[in-house]
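S.K.: Found this in Swiss-Prot, in case it helps:
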ACT_SITE  50  active site
ACT_SITE  96  active site, proton acceptor
BINDING   53, 92, 494, 531  ATP binding site
BINDING   94, 532  Mg(2+) 1 binding site
BINDING   95, 96, 97, 98, 117, 241, 313, 314, 315, 534  substrate binding site
BINDING   118, 269  Mg(2+) 2 binding site
């Protein structure tokens, strides 16, 4: 079946394309006539939230995006950060939420494929991937099916392509029942003098189509990704793309070989809105027009219309502006790799986007108004209502050991081994830390000592309670996780997942979170260099928890001094760095409240950014000195869970006497921010320890020696000792049991 270009443009058709009446009027004013059906599709694709960021652009501009290490900030396919010696790291995080809910395997797989293309389009070879996944309640009938499909899709694509998955997150909450989140991160290495951008340059130059053939899969995908879901969700299945990781691997090698030949002027991957978005972005960025001849586009289905070809989101495709004298060489490279190579258009000097098909001009539009001059909204927003503070004596009690075992064996804090064992975490041979620690770490190929650390973080329940503090905390925890390996945090990418921005309370969540992210990034010297916004994550009016995911990258100068989470030896001192005098105080929004007592009240823990920076810099200096043998940031579940994780990672127990005369619940389960647990290899009664104590006093950092490693059990204060084997059994049991339940 093919779709005519002369379909009548009705109000119903306009609405079906996600365009509001005032937006359609703007189209009429710009074009001076009724648009063709293909033109309507082009406007719909370019003006939706997924491509235009029309609801969030105003606030994204407030984020810090520069720094001495930043080579390329937002606006390109990925961010680029200098790591010295002529090398740079290229990275980005992007959502594939809506497709993954409709068709979990292909949705997740093509999410991985898309983010890998964003990285190698810039000239970088991918070296690491992460995935931040949010699913509905474990007892929801769809959850297990979605988990199985998404994890299989992530592993199927990443493993076949050949990139290690080094970290990520998996969480469950009923607010994701109708909208799961699949946020995919990728990073690659490139040379600082060989970064490739998407800005077209030069008039009359060939525009070249590269990669796989075009089919009807994914038609309307970008528009679907900008809409709320309803009960007819399964009808959207045809708009999910289908990925082929082996073709993508060939595309990677062909692109890098072509880039090395000097043939590439500009290059853009075909992601959301396919040929439309890639062509418009290349032309608009370069202040050039683009003319495309769709009769030249390689297709794998018969009788495809111009509309379908322009909006197809078939995977593993690129668009490039080529040096004309290199055409034969470029074509030979792509044919060698078994890929299509076709000159499908040219650059022009008239700022028009023209599309030809079967002898007709099916689109003739102003390219800048499609691209960087798309509509932008200053949507009304209201400050979200914040929860009341908890009364000082509002500390519900529980047996400390029993509560710890229940937390470790629950849906949110249990081991994710079932997930990451389906991913190839060691391919390429450079992975230095397996998933399950604070951050993934990968050696920098060709350098004797350098490594890169990667972490992905956000605590949605904090963001729901207070978006500003939640935004700050997402950045701070990411920065802290990188620091806990010994890495210097360099820069971050954000993936902002929210509900319907046309509701002022939801827009208020977005505004608050972005303000918090911006303040934290400025205070920590941790700029945002790339990112993605995913809105309308709602089903039948029920929105997700606000989830501004932060993916961070850090540099380890000497990976021989890198530290891991697990205790390294018996009889080593345990240090709690950055804590208040009572070690822990804050129970509002804690997992202890939620999972032990069924409470979701109270404010989230505040983040003191000056304290965060001071403590993190101190921890990093201790690690660099070589005396730290293990490190772990304290987050969900407080000190108790952090100590248990360190014990389980090593099989070594610990004894931590606790505080006399202090309620043990906030001590062990409080989620105060800015804290680390370290083990040291030095004599706690020697001069070296005295010098460290003196330095901490001068910095105003409270860092008590709270206990020692040793034995095969974890003993917290007066609570009964828990054998490390029992901790592991609780921790490792939940996920396999959940996934093995009979359907």
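Backbone N, Cα and C define each Cβ position, glycine as well.
The model shown is predicted, which means the values in this text are computed figures rather than measured ones.
Give me the local environment of each listed feature.
M.R.: Non-local neighbourhood of residue 96 (active site, proton acceptor): 107, 108, 110, 111, 114, 182, 184, each in the same chain, at least six residues away, with C-beta under 8 Å from its C-beta.
Secondary structure from DSSP puts residue 92 (ATP binding site) in a beta strand.
Residue 313 (substrate binding site) has a Cβ environment of 32 other Cβ atoms inside 10 Å. The secondary structure of residue 313 (substrate binding site), as reduced to three states from DSSP, is coil rather than helix or strand.
Under DSSP, residue 269 (Mg(2+) 2 binding site) is assigned to a strand (E or B) in the three-state scheme. In sequence order, 77, 114, 117, 118, 121, 278, 317, 318, 319 constitute the residues six or more apart from residue 269 (Mg(2+) 2 binding site) in its chain with CB-CB distances below 8 Å.
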S.K.: Among the recorded positions 50, 94, 315, which ones place their C-alpha within 10 angstroms of the C-alpha of residue 531 (ATP binding site)?
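M.R.: 94, listed in sequence order.
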S.K.: Is any of the recorded positions 50, 53, 92, 94, 494, 532 within 10 Å of residue 315 (substrate binding site) (Cα-Cα), and if so, which, in sequence order?
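M.R.: So the list is empty; none.
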S.K.: Rounded to the nearest Å, what's the C-alpha distance separating residue 94 (Mg(2+) 1 binding site) and residue 313 (substrate binding site)? Just drop the number here, would you?
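M.R.: Taking the Cα atoms only, residue 94 (Mg(2+) 1 binding site) lies 16 Å from residue 313 (substrate binding site).
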S.K.: Taking 8 Å from the centroid of the Cβ atoms of 53, 92, 494, 531 as the cut-off, which other residues in that chain fall inside it around the ATP site?
M.R.: 60, 74, 93, 94, 493, 495, 496, 528, 530, 532, 533
S.K.: Would you mind sorting out which of 50, 313, 532 (the recorded positions) have a C-alpha within 10 A of the one on residue 92 (ATP binding site)?
M.R.: 532
S.K.: Restricting to the chain of residue 494 (ATP binding site) and a gap of 6 or more, list residues whose Cβ falls under 8 Å of its Cβ, or answer none.
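M.R.: In sequence order, the residues whose Cβ lies under 8 Å from that of residue 494 (ATP binding site) (at least 6 apart) are 63, 93, 517, 528, 531, 532, 548, 549, 550, 551.
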